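Feature list (source: TrEMBL):
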type     : residues : note
DOMAIN   : 14-446   : domain 'Major facilitator superfamily (MFS) profile'
TRANSMEM : 16-35    : transmembrane segment
TRANSMEM : 61-80    : transmembrane segment
TRANSMEM : 92-110   : transmembrane segment
TRANSMEM : 116-138  : transmembrane segment
TRANSMEM : 150-170  : transmembrane segment
TRANSMEM : 176-195  : transmembrane segment
TRANSMEM : 257-279  : transmembrane segment
TRANSMEM : 291-310  : transmembrane segment
TRANSMEM : 322-345  : transmembrane segment
TRANSMEM : 357-379  : transmembrane segment
TRANSMEM : 391-411  : transmembrane segment
TRANSMEM : 417-442  : transmembrane segment
Amino acid sequence: MHNLLGSKFKGHCRQLFAAITVNLVTFSFGLYTGWSSTVAPMLQNATNTPLDHGQVLTANSISWACSWGMLSAILGTFFWGMLADNCGRKTTGFLTMLPYLVSWVILLVFKTETALMVSRFLGGLGASGAAINCPMYVGEVSEASMKAGLGSLFILMYNIGVLYVYVFGVMVNYDYLNVACLAISVLFMVVWSYVPESPIFLIQKNRMDEARRSLMWFRGKDNDKEVSEEIDSLMRHSDQTTKATLADYKKRGTVKALLIGLVFQAGTQFSGINIILMYTVDIFQKSGSTLSPHSCTILVGVVQVIGSAIASCTVHRAGRKFFLMATYAITALALITIGSCFYANKVDSTINTGMLPVLSLSVHVIAFSLGLGMVPYIIYTEVFPANVRNICMSMLMFFNNVLGFVIIKAYPSMSDALHISGCFWVFGAVCLAVVPYTYLFVPETKDKAYDDIRRELLLWFPDRRHNDKASEVAKAEKAAAVDQVEGGGGNVVVVEASEMKVCMGKDQSCFTTPQQTRDNVK
């Protein structure tokens, strides 16, 4: 018993260490995002500009500095997923951090607008890699009981990175700020070499001895016989070991999971989080608050970290849908409130909005950290089969980065056309619209087996209660059978016994549906 508890504790510590290490890339993503908010006022000030010959950036140049990363992140989505599938999660981790490392070196060596834009472009490549590789790696090495908690480290580490650059941006000069950011990249390159490859990737590549050693390390076991049961379980799920075909992407469950992901990614961008983090100082200067913009910025960063820390401790206690609906509604209220502060200041510039902008943005970043910035990435690891997860995540990140680029680049023009208050009201309205969508279309995934989640994805309204339960069970079973054969395009013959249904596809392949799983359909 003592050995069992000791190995379990050791395994949990190792999984935590691996999750924190891989999310140093996410930490650098946060540094990259918050850097522009800290440095932008400096770059626009002729007295304090760090660029050569006293060069000052225009508002248009600042908008490009903020949006170049999204543009390069779009390009990154085309190869990070394939790179992770072919070269492994560990190699991809090194390559994901490399653009950040090079970008900080460029900022230290060259002090021109061109070098700054190149640096921002490179950082965006790392951002898309972090969003694809980090949640996937954590999901694949974590035990079921730790998956949600470790998955929440993605947004926690991102927020700590933002706060880190906010604080250093106030405390030190331009060069030391970039040195502080570079140090994180160097730390990752050293520590990441001690973390094993994902066992699921090794199984997919039929490197079974390495997969066993990797799983033994993550579970804290000393005997490979103790991990055989988990290896066998992974092998029984063919989506863990077989290469995806076009039919796998056409399956109804995969298509619905993609639709859910697209809406969540749109909700993330329309929450205005990138605008807030990249223009924090400017936003507080225009909000009518008499408090110091830099002090407010750091306060928001602290609140953001506290919110994500709370989320890491509580996400496993409540359902995914509850977190999402509640935080989307709170985010919408916060955005509408801060928009009203801007509008009041527009009507009468003498109005002092006091602490209201700070409180509103603090509530916004807490809600974002608790739900919409974190929970979707946990859901993605639960609704996508392993063999299509990389490409599906790449599709979602592509959409996310295209939309993010459009919003960030258009923000100055939108502010001129709608006023900044109108921008925030639009963001709030979109977040509010996601609440009923989540309630109606998104299945609850907490504490559910993968087969149960996949079955609920076949229903457009998974939580809707029907009077004719038998009819709904039959409909779900028929959809599951069709979905499994040729991606939903084949005919099946169903033979039913008292304990089992046997389904035969056009290709003569057979698969079974136990009575117990049919009873679980709601």
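A Cβ is built for glycine as well, from the same backbone N, Cα and C atoms used for every other residue.
Against the transmembrane segment (257-279), the recorded stretches 16-35, 92-110, 176-195, 357-379, 391-411 differ in Cβ pairs under 8 Å, and the greatest number is found for 391-411. When Cβ-Cβ distances below 8 Å are used as the criterion, the transmembrane segment (61-80) is approached by residues 32, 36, 40, 43-44, 92, 96, 113, 116-117, 120-129, 132-133, 274, 278-279, 394-395, 397-398, 401-402, 404-405, 408-409, 411-412 of the same chain, each at least six residues removed from its ends. It is 176-195 that, among the stretches 92-110, 176-195, 391-411, 417-442, forms the most Cβ pairs under 8 Å with the transmembrane segment (16-35). Counting Cβ pairs closer than 8 Å to the transmembrane segment (176-195), the top stretch among 92-110, 291-310, 322-345, 357-379 is 92-110. Sequence-distant residue pairs (6 or more apart) of the transmembrane segment (391-411) and the transmembrane segment (116-138) include at least 3 whose Cβ atoms are under 8 Å, placing the two stretches in contact.
Long-range contacts of the transmembrane segment (417-442) within the same chain, counting only residues at least 6 positions beyond its ends with a Cβ under 8 Å from a Cβ of the stretch, are 256, 259-260, 263-264, 266-267, 270-272, 275, 283, 286, 320-321, 324-325, 328-329, 331-336, 338-343, 346, 372, 379, 411, 460-464. The transmembrane segment (357-379) shares more Cβ pairs under 8 Å with 322-345 than with any other stretch in the list 92-110, 150-170, 291-310, 322-345. Residues 34, 37-38, 152, 155-156, 158-160, 162-163, 166-167, 170, 276, 280-282, 284-285, 354-355, 357-358, 361-362, 365-370, 373-374 of the same chain sit 6 or more residues outside the transmembrane segment (291-310) yet have a Cβ under 8 Å from a Cβ within it.
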